[in-house]
Amino acid sequence: MPGSPRPAPSWVLLLRLLALLRPPGLGEACSCAPAHPQQHICHSALVIRAKISSEKVVPASADPADTEKMLRYEIKQIKMFKGFEKVKDVQYIYTPFDSSLCGVKLEANSQKQYLLTGQVLSDGKVFIHLCNYIEPWEDLSLVQRESLNHHYHLNCGCQITTCYTVPCTILAPNECLWTDWLLERKLYGYQAQHYVCMKHVDGTCSWYRGHLPLRKEFVDIVQP
């Protein structure tokens, strides 16, 4: 009597999901919805600072008929900001080999350090892709680095909405309007680098940068 089919590893299912989510007509491209760094931190299961020791191409599953490949990065974890309850120390991270499935290319065997966000799969493997927030550590602002420890985590109850055109208005009291694209025509501009959407005692949220005043451009844009 034949045995029952073995369930596919969770990372294989993720690869298939990424393939299904690939927009029509963009067969060789990866497309991601924009997200503020704070949103990335709040929605990720794992956030770490690490260096990449080496990389290796590995099969996506043990099934010989499965032609999908993964990139396995061996890393040196420097600090963990989120994910303590899921993993203690990360040795390897995995990403799709195919760039059209949002595979991430990182520099191995160098002194470069990265901020890595990703998912912890049911088999314990850490999976990353281009839709995660992955940045060289040296490119992060001081506010971003400090917020990884406290402010981002403590304000996940706030909603951040990307503004593409005017008028752009707040629809809920716990909402902050992200205007980098509108003002600078890039996502990770001044607001993403230097501000946190912070929740107040009355349940409302607004942009905050320590003792510094909020730049006027970031106040709600209600008129074209």
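Any Cβ shown, glycine's included, is placed from N, Cα and C.
Values in this document were obtained by computation on a predicted structure and should not be read as measured data.
Candidates considered were C42, C102, C131, C205; TrEMBL assigns the disulfide partner of C158 as C205. Of all Cβ atoms in the shown protein chains, 20 besides its own fall within 10 Å of the Cβ of C42 (disulfide bond). Here the candidates are the disulfide-bonded residues C42, C102, C131, C205. The one whose C-alpha lies nearest to that of C163 (disulfide bond) is C205. By neighbour count, meaning other C-beta atoms within 10 Å, the densest spot among the disulfide-bonded residues C32, C131, C197, C205 is C197.
Proximity note: of the listed disulfide-bonded residues (C32, C42, C131, C168), none has a CA within 10 Å of the CA of C197 (disulfide bond).
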